[in-house]
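Asks: Can you read through this structure? Questions will come right after.
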Amino acid sequence: MATKLQDGNTPCLAATPSEPRPTVLVFDSGVGGLSVYDEIRHLLPDLHYIYAFDNVAFPYGEKNEDFIVERVVEIVTAVQERYPLALAVVACNTASTVSLPALREKFAFPVVGVVPAIKPAARLTANGIVGLLATRGTVKRSYTHELIARFANECQIEMLGSAEMVELAEAKLHGEDVSLDALKRILRPWLRMKEPPDTVVLGCTHFPLLQEELLQVLPEGTRLVDSGAAIARRTAWLLEHEAPDAKSADANIAFCMDMTPEAEQLLPVLQRYGFKTLEKLAVSG
């Protein structure tokens, strides 16, 4: 199942500097990557975490591929110049599908991407109908269709691309209520089906943040599947076997690309996730 938001009583795990720990960057265009970070942190609580989100170019789902690749490389480079990294997680499905080759060519540390959890969903479905809920960019990309052909060719795949759901997830973290009517409208093609998907892949890292609302709207018993736990396990393996010795004793920190009022409003949320401060990251280009 998708991960749930932490409640307000979650302790700040890195409130004070401690012994040097491996430094891991988790990056997304927005705050959806916090769902992936949360899975990694639960498995690996004793790391030095950096969360970076690109609130200047958000959302990536509507941007062209060349722009995304250049932008992601610039941001990871800027973080690496401040904190030598043991590993980076691109916690954005859109960015992962286009930028991983460039990142892995440029940097010596491991880079982990996020891909839609098509394979486990194909194993879990009972009625053979799997829904893929993602951004329009992820739904259209050939990489997604290759995953389906490879791992779910015996399933009926129903795809929905939505930029509005990304905005709903961002708004939720800003303290706004999520409109169930808006979700029903987005999901209407599935809700009208005689036999809708019994398993839904959350193919955007923002969407686990809407798990509770999605379960209220989708038919009872619908399974929600995301790749957060698998990314956490992959991160643990790479840190043990392939990551360079890049450590820091600093507190966990979050970076935005522009310190807007909206970004400042996220500080209490980020602190609940264990990040002590939010700073603007200077990015060249």
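From the backbone N, Cα and C atoms, a Cβ is placed for every residue, glycine too.
Heads up, here are the entries from Swiss-Prot:
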{"type": "BINDING", "residues": "D28, S29, Y60, G61, N93, T94, T205, H206", "note": "substrate binding site"}
{"type": "ACT_SITE", "residues": "C92", "note": "active site, proton donor/acceptor"}
{"type": "ACT_SITE", "residues": "C204", "note": "active site, proton donor/acceptor"}
Asks: Other than D28, S29, Y60, G61, N93, T94, T205, H206 themselves, what residues in this chain have Cβ atoms within 8 Å of the centroid of the substrate site's Cβ atoms?
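Replies: My list of surrounding residues reads G30, G32, G33, P59, A91, C92, A95, T135, V166, C204.
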Asks: Given the binding-site residues Y60, N93, T94, which lie close to C204 (active site, proton donor/acceptor), meaning Cα to Cα within 10 A?
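Replies: Cα within 10 Å of C204 (active site, proton donor/acceptor): N93, T94.
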Asks: Given G61 (substrate binding site) and C92 (active site, proton donor/acceptor), what distance in Å do their CA atoms have, once rounded to a whole number?
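Replies: The separation of the Cα atoms works out to 9 Å.
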Asks: I'm trying to understand the geometry here, so how far is the Cα atom of D28 (substrate binding site) from the Cα atom of C92 (active site, proton donor/acceptor), in Å to the nearest whole number?
Replies: 5
Asks: Residues with Cβ closer than 8 Å to the Cβ of T205 (substrate binding site), same chain and 6+ apart in sequence?
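Replies: In sequence order, D28, G32, G33, S35, V36, A91, C92, N93, V114, D226, G228 meet the Cβ cut-off.
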Asks: List every residue in the same chain as S29 (substrate binding site), at least 6 positions away in sequence, whose Cβ is under 8 Å from its Cβ.
Replies: F53, D54, A57, F58, P59, Y60, C92, T94, A95
Asks: What does DSSP assign T205 (substrate binding site), in three states?
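Replies: The residue in question, T205 (substrate binding site), is coil (DSSP, three-state).
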